[in-house]
Each structure stands twice: as structure tokens, then as C-alpha cells.
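Now, the feature entries from TrEMBL:
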COMPBIAS  17-29  compositional bias 'Polar residues'
DOMAIN    19-115  domain 'Peptidase S8/S53'
DOMAIN    137-262  domain 'Tripeptidyl-peptidase II first Ig-like'
DOMAIN    278-372  domain 'Tripeptidyl-peptidase II galactose-binding'
DOMAIN    408-586  domain 'Tripeptidyl peptidase II second Ig-like'
REGION    1-29  region 'Disordered'
Amino acid sequence: MAAEYSMKNDKDKGNTIPGTTYTWSSTGPSTDGNHGVDLMAPGGAIASVPNWTLQRNQLMNGTSMSSPNATGCVALLLSACKANNIPIQPNRIRRALEQTAKPMPGISVLQQGWGMIQVTKAWEYILANKDAPYEDVNFEVSIDNRVGRPKGVYLREPYESSIKQTLSVNVNPCFKKMDVEEETQRRRVEFEMLLNLKSTVPWVQCPDHFMLMHNGRSFKIEVDPTQLPPGVHTAKIMGYDSTNTTTNDSRGAIFSVPITVVRTLEEEPDIRIGKLEFAPTEVKRFFLSVPAGATWMDVTVQDCRQNKAEVDSSPRLMVLHAVQLLPHMAYRDAETQKYLNLLPSETNVSSIKVHAGMTCELAMARYWSTAGDTTIDVRVQFRGVTPIPESVAMKCGGGGAMVRVSSDLADEMIQPSATLTKWKTALTPKTEGIVTPLSEDRDMLPVENKRIYQLVLTYEFNQEEAGSFTPIVPALQGVLYESAYESQLILAFDGDKKYLGVSDAFPSEIKAPKGKVTLRLQVRHDDTKLLEKLKDLPIWIERKLDKDISLSTYASKESMMTGSSTMKKRMLKKGTCCSVFLQEPSSIPTSCKCGDVLMGSVSYGSGEASLPGNGKRPGGYPVEFIVGPKMEAKKEEKGPEVPDERSIEEKLDEAVRKLKVDELQKLGSSKEKKEGDKLSPFEDLFDKLRKDYNDHIPLLMAGLKYYDQKEKRSNSLQDVVDIADKILPLIPEQDLAAHFGMSHDKEDPKSCKEHKEWEEKKSFRIEALARKARALSDLN
């Protein structure tokens, strides 16, 4: 690594970096009890790159380097086996790699597994054991009477690791499932192995001998973690072939049972981990028992160097990583990772949300490339304001919702605040979906020869404005390997069938223009009955609100209903609780319809700047509001119609005049070009019409608006004043006052018609006065 990264190698200052894992490398154990990592391969190299990069080689690292390296190692072994007529089976290759891997010093088994791949030794192992009995048989290990039949023992929670436990381990030799040839069946019947069992640590006890037959057997083990110190501890039970004529190490373990035990630090609201010195690339793992009532923790990390001139003042890059394992929840939903660049004596406080009663792992790591002595001081303070319920759902018409909050660890300052930031609307399929078989060439399960089927559903909606949306399928998304269906895929298209974007197992945001949007959802499975259940599956469209909606909070329901006084900041004493009332939003976006859901978050802590950390739970708690039906807008009541007693000629003259004025207004709104001193088309027609209809107010208003346009008004201010002076005498102020000073008869058709005409005249007079005043102001 020192050569690849041109790193300074100074042993006295802690800059020596041995062969190790990168800080971001995966670390076990996995949730099923396995140690997680099986093998290591080189993950950094200066490698050749394509010519379009305009360079021959490039320094790269990560799984994009280690995976091809490991794959190449396996390919060499497969090629050698083929050349020497040695049966190629996955278990033979895997066992050879694991039993000959080189353990790296200073690295936990949870980081490296069996160790670094050694191709030459792996090939020597294959040659030495090519005729060993049952070398191609895979031995499946599982723990009986545990949920999901895990592959190993994982005691993580305090109630598991604080007592001695007796567990049952099942070992099942597996031949090829589909191989039912007579020879294979005879091997199954004749299969019998006498195994020696050995534990790698004294706190795990197991039988010395174990007879294994086809269909598997179980044996009991005893795990006693009660005397182990806080931290993570690993062990294995190794199963060796007792008939091996040489030492057990020549063939190695036929199978192994991984065991991981976590011992938490003593449960306290305030945990002082103290000073920690880090060797290069070192990771320190601490396991915390989250006390009841805790909803977040403040992790304080301080650089222990003194801020002096003679002290190395370069920043130390540290990685803070907190993880809790919650049932049926992905790691990313209960983890926080931060990179801290610490200067001498610098202090950083990170607030991290936690779930009470569940063990929380806090890992501190010196970044792999960080040079220089690294010592930090770490302190963890659990804090909490616990709401009941955690998730708030409000229905329209309920006024709001009540939440009971309590503080069980210490006095906490609270100041509830809630905001709605997103909007979801439901869609149903345009037509009922049809289940169809996929092609035989590429959509067949190879082992069981099962045909794959698909269900395609089409959805449509109107995107009122250009922006982003997220299609959500709650029944299918959020899981990957654990999904009940093989796969799901959403493709989005606009009204012209242009591809917009895609969303898969995890919702993805898609940008769309204004207009019609079509979504096509494909679900695949080999069981048509499961697909038939989804023929009318609704989905949701999620968008961000143009403007966040703040919800008012109150201390009582009476205050919430009257809106008299919102809830003020207050101290919540330890062991007490109070009620918080969230008021439903007073206004709803016009695009929302009945059944839509507005979503956001609510937090209860005050977030005072004087307190360390955020002062409240990061991210808050979910809150949503279900939109109800809207009141229908009152239709304007049409008054009784007055019979038109005008002659045909009068009606015709009025229609002709109206048509001329309408066409004139169209000219005024269009972009016209004036050539020299010639009148524009509008001005020419306006002057001609004034000769015939000089007292027609709508005609004069059209001219007033034309000359008062932004592009023309600087040279037409006097015209604006003149036309306004012509309009105002046609609508006498005394006549307006006389009309509106009396109430009109709403039942009389003639009175209603006159009132409507005077309403229009009133608006004309107001507009004429306003435009004249502005023009006079600009003239002066």
C-alpha cells in the first residue's frame, strides 16, 4: 500500500500501514450468524484502463479490484482441475481456498474471514485431496430452534449473552438435488463419516466425536459467554474427518460452526469510553445497551492533541459508524456513518437516533490513509423524548391529533414542531393486467426447468407542472433478496412515449415534463397464482410540496380547536409526561384530491444551540394527513333574464360593434412592429372606430390598455391621460353613488341587468383613474 499510494513510511510517527482492509470494507458478522466475510483478495492496484481515459494505467481500489482478482484466482484453479481431470465442484474449490488462505496479522476474523487467497497452496491442497472421500459434498450447517435456521450462533442482545446457553447444531451433507442417478443414490445410502469436533475457545464446549449420515444429524453445544469482557468475541467449532491418516491440518475442517458473541458495556445514560489510541487502519468496536426511554444519543469525539506550535496540526480523519439490527429492517434504515476531520483539541458532537432496548454498535476507526499518532476521547450520552404513538396519522375533520411525550432519562427541554413536506396520491391500473409467459430461451429457471411469467400493469396520470415524482409500490418495494416475487420494474414515459426513467426494488425519483405520464409496472414470478393477485394493484405517486406546510402545536385540545395559543417551549422533568396536540393543516394544495396523503415529520426536542448536538432526535418522527373531500364551489346564481326588445337592426349593429372591438383587442395583445412614423395597425383601426363609436366605453378601455403597455407607455403617457379623461365623464361618480346607494331587486330581471352593467362601469372607472394617476405621476 505504501508504494501504490506513495505514502510516507515513518514508524516513529505511526505512519506504517501493513497489509490490511480498507476502512470501508465489509465487516461481519452477518445477521444469520455467519462470520460474514469468507476470503480476502487484493483490493487496490495500479491497473490498465481504456484508451479513452488518455492514460495507460490508473490507481483504483474497492470491490471493483478485489472481485476480479478473486475471480481470476478461481479461474486458474478451474483450468488446472480441467487439465488434470479433477472433478470441478463448487465445494471442492471453496474448501481449498478457505483451508489454504493466509490469515493477516492484526485483523479480526470478522474482517478477513479465513484470510488472503493463496492460489499456489490452494492448488496443492486440491492435488493432495483429490481422492479424499466426499470432497465434493457440501455440508450445510444450521442452528435448530432459531428463527430462520441461521448458519451460525450470533448472541447480540444482553438477554442472550448474559446466560449460558445450550444449542443444537444440525449438519446436513448435500449432494446435487437433481442428481437421482443410481450411482448417486447409492452414494447417498452409503454416506457415513466419523468426525472429530474441536472448539477454538474454552467458553464453547462441544462433543469430541460425531457420526454423520445422509439426511443429517444434530449435536449439542454449550456457549458460556458470562465471563467474557465487553466487546465482540468469535469462535468456531471445527469438524475434522477422523479417518484422515495424516494430521487434521492436511485436509482441514470438513465444516465449521461460526459463533459470535457480543457483550455490551454496562447500561448507563452517560458512558465515558475514555481515551483511545489508534494504530494505523485500526477499528475499535463498542456495543452499547440502549436504555429505555432513549431516542437519540450524542457522541462526543475530541482530539487529544494539544493545540501547540510543536504539535503536528494536520487533521486526523476518523470514521464514526453506528448500527442497530432491527427485525425486518435494512441496515441503512438504522445506521449512521460520519467522517470527522479533527484538528488538535477539536471536539465534534454527533446526534444519532437510536431505538431503545436494542444493542447499538458504535465503531470508531482511524481512516486507512490517516498518518500520525491518533488519540481521541469518546463520550456517549443517551437522551430521549419518547412520543406515543411514534407515527402520527391525522384524518380530515378530526381537528388534529394528540401525542403523549415523556422523558425517562433526564430533564429535557421540548418545543414541538411539525412540517409536511411531501404529497402522495394513489393510482389504479388503467386496465386489468394480463399474465403472460416469457421466452423459453432466457426466462427459464435452469435447475428446476420452471417457466417465468410476467404481469404488466399500466398507470396514467397528469403532471400539472414540470418536476420530479417518485413511483412507490409498497407491496413490492423495500426488499431485495427477501422479496416474495422474483422482480419488479417500473418504466416511465411521457405523452409522446419518450422514456423518462426507471424505478426498481427501491423507489427512485424521476423527472417529467408537464403533461401526461404513463407508468408500466412489470412483476415476474414462476407461479401465476401469485401474479393473479396483483392484477388490480394500486401504486402511489410521491412528490415534494412546492411549499412546506407547518403544523401548529398546542398544549390542549381546546387551544387546538380555537387556535388561541400555540405550545411554548417548556421543561419536561425526568419521569413526567405531557400531551402535544398537532393541528391539521388549515390550507391544502389545490392539486390534492380526496384520499391523497400529505407526509412530513414532527420533532419534540427544542434543539437549543446551547446544548451539545442537535438537542432532538435526528429526522424526527413520521406524520401524515389524509386529505378529505373539498366543498363544491358555489355556482353563481343566474338572475332572471330580461327579454330583449331591440329590433333586428339594433341587435345586428351591436354584434358588429362588439366584433370590431374584439378584433381590435386581439391586435393590441399581439406583438406588432411599427414602421417609421406610420401608425401601427392597432392605432389605425382605433382611430377609425372612434369616429363611429367615440362614446363606447369598451372601445376606449381597449385603447387605454394598449397605450399603457410597458413597451409603449413612455411615449404615450399623454394619450393615456387623454383617453382616461374621455372615459371618466361617461361614468359619472354621482350616478355610481346613486346606484350603489340603493339595494337592487334580485327578483326583478331589469334591476339585475342594470346592476350588472353598473358593476362593469364601476370597474372601468376604477381602472381608468388608476392608469391616469400613474401616467400623471410619470409625466411630472
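One is the number of the first residue shown, and numbering goes on along the chain from there.
Quick reminder: no glycine exception, Cβ is built from N, Cα and C everywhere.
Mean pLDDT of the predicted structure over the domain 'Tripeptidyl peptidase II second Ig-like' (408-586): 93. Residue counts for the domain 'Peptidase S8/S53' (19-115) under DSSP, helix first, then strand, then coil, are 39 helix, 12 strand, 46 coil. With DSSP classes pooled into helix, strand and coil, the tally for the domain 'Tripeptidyl-peptidase II first Ig-like' (137-262) is 17 helix, 60 strand, 49 coil.
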